[in-house]
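For reference, the structure discussed in these notes is given below.
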Amino acid sequence: MKKISLLGATGSIGTQTLDIIKEHPDQFELVAMSVGKNIAKAREIAEEFKPLVLSVQEKEDAEKLMSVLTSKTKVYWGEEGIVEAACQHDADIVVNAVLGSVGLYPTLQAIEAGKTIAIANKETLVTAGHIVMDAARKHGVSLLPVDSEHSAIFQALQGERKENIEKLIITASGGSFRDRTREELVGVTVEEALNHPNWSMGAKITIDSASMMNKGLEVIEAHWLFDIEYDKIDVVLHRESIIHSMVQYHDTSVIAQLGTPDMRTAIQYALTYPTRLPRTQAKKLDLVEIGKLHFEKMNYHRFRCLAFAFDAGKVGGSMPTVLNAANEAAVAAFLNGQISFLQIEDLIEKAMQEHELIQLPELDAIRQIDRETRLNVHRFINE
Ligand code: NDP
Ligand code: MG
């Protein structure tokens, strides 16, 4: 029986993690969970799974839940609460499915507590990859990828030697606007941007997919997870999302992982690694039915955010923190109807241009740069 702490239980990845726990009730048990503001759903989950610990974002919500919950769940709130959930002493594995760089601190605390981390929360690795990876090495903790591309690469690396890798090839579906020119992006609506062709995901990552920032964040995520230089990471457009990513070795062999676009398979692999469990409720891949797979070269002028991410990653230091925080702030502003879709790129570019780089920033510096960058983005919007 593996005991799971699930951060971000009410989200898209969170809910699909609960599906996997339900698919294998004899294998997994939910012992702790955290949510943001969706209290109604938090209550439902807590009553169904009866975790020992539940954390919410706001104190008032914690108090409300304490008065209505019938299970023996202890309720916490705020940053301390999420850390309480992340470090719950019974938990064997923490699934980090929180959205954004708020996931950083609880991840570091869970690593210190010696928990295995299944990481979906890519912003944590983008904003402070060097700190997270150092902490994991120091405490002998594994970081298991949940993101489908990284799960694919991780699977393609099993039993292989790092020195034989020629490059990682990350596939990109292209998001909701893949067939539009830059001119055709002027005036696109939030609704259109949220309409992803292949995957059903949370709002922020769906916008990131449309802007191609998601792929940019994934490039940085891959750099940290697999300790690979940026020159050895390629991105190709693959509209079917069947090949989830590949590793090319120096003997020219390419090992890919394929499957239907279903995040639950990647989530389950992180939970069962190094073994596998059958998936009873998933659609199996039928390549004959699909018939054809397509691949196209990425256009870095069309998808500027991907170019920004490579730049930020190569510059290193505090630049990826700025890239991530500016993107989080800009996407939130787009979702709130404050800015246009193309302004997301302009705001990120401006935040990166203004930033005075710090090499090897410590945790406090990262948290401060994250806050300042968000303020800067709001200042640019109001200028
Ligand atoms: P969602 O927006 O669907 O869910 C986010 C979760 O985080 C919710 O439980 C939300 O709580 C919680 N949350 C948000 N803000 C805070 C906060 N300030 N404090 C505490 N909790 C908070 O996101 P997704 O599930 O789509 O994505 C989660 C992560 O996984 C992201 O990093 C994303 O990039 C990554 N990912 C997602 C994929 C997908 O298919 N969705 C695929 C690969 C990676 P509440 O709703 O209660 O407010
Ligand atoms: Mg992905």
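Each position is counted from 1, following the chain as shown.
Placed from the backbone N, Cα and C atoms, the Cβ positions cover glycine too.
Keep in mind that TrEMBL annotations are predicted by a computer and have not been checked by a curator.
Here the domain '1-deoxy-D-xylulose 5-phosphate reductoisomerase N-terminal' (4-129) has, by DSSP, the following mix of helix, strand and coil residues: 62 helix, 27 strand, 37 coil. Annotation source TrEMBL lists domain '1-deoxy-D-xylulose 5-phosphate reductoisomerase N-terminal' at 4-129.
Under a cutoff of 8 A between CB atoms, and with a sequence separation of 6+ in the same chain, the neighbours of Thr10 (NADPH binding site) are Val35, Gly36, Asn38, Lys41, Ala42, Ile45. What TrEMBL lists as NADPH binding site is Thr10, Gly11, Ser12, Ile13, Gly36, Lys37, Asn38, Asn121, Glu123, Gly202.
Cβ neighbour count for His196 (1-deoxy-D-xylulose 5-phosphate binding site) (all protein chains, 10 Å cutoff from its Cβ): 19. When secondary structure is read from DSSP and collapsed to three states, His196 (1-deoxy-D-xylulose 5-phosphate binding site) falls in the coil class. For Lys122, Ser148, Glu149, Ser173, His196, Ser209, Asn214, Lys215, Glu218, the entry in TrEMBL reads 1-deoxy-D-xylulose 5-phosphate binding site.
If you look up TrEMBL, you'll see 143-226 marked as domain '1-deoxy-D-xylulose 5-phosphate reductoisomerase C-terminal'.
DSSP classifies Glu149 (1-deoxy-D-xylulose 5-phosphate binding site) as helix under the three-state reduction. The Mn(2+) binding site feature in TrEMBL is assigned to Asp147, Glu149, Glu218.
For 258-374, the entry in TrEMBL reads domain 'DXP reductoisomerase C-terminal'.
Among the binding-site residues Glu149, His196, Asn214, Glu218, no residue has its Cβ under 6 Å from any atom of ligand 1.
Once the Cα atoms of Thr10, Gly11, Ser12, Ile13, Gly36, Lys37, Asn38, Asn121, Glu123, Gly202, the listed binders of NADPH, are compared pairwise, the greatest separation found is 21 Å. Long-range Cβ contacts of Lys122 (1-deoxy-D-xylulose 5-phosphate binding site) within its own chain (separation 6+, distance under 8 Å): Asp147, Leu217, Glu218, Glu221. Across the domain '1-deoxy-D-xylulose 5-phosphate reductoisomerase C-terminal' (143-226), DSSP classifies residues as 42 helix, 11 strand, 31 coil. The 10 Å shell around the Cβ of Asn38 (NADPH binding site) contains 17 further Cβ atoms across the protein chains shown.
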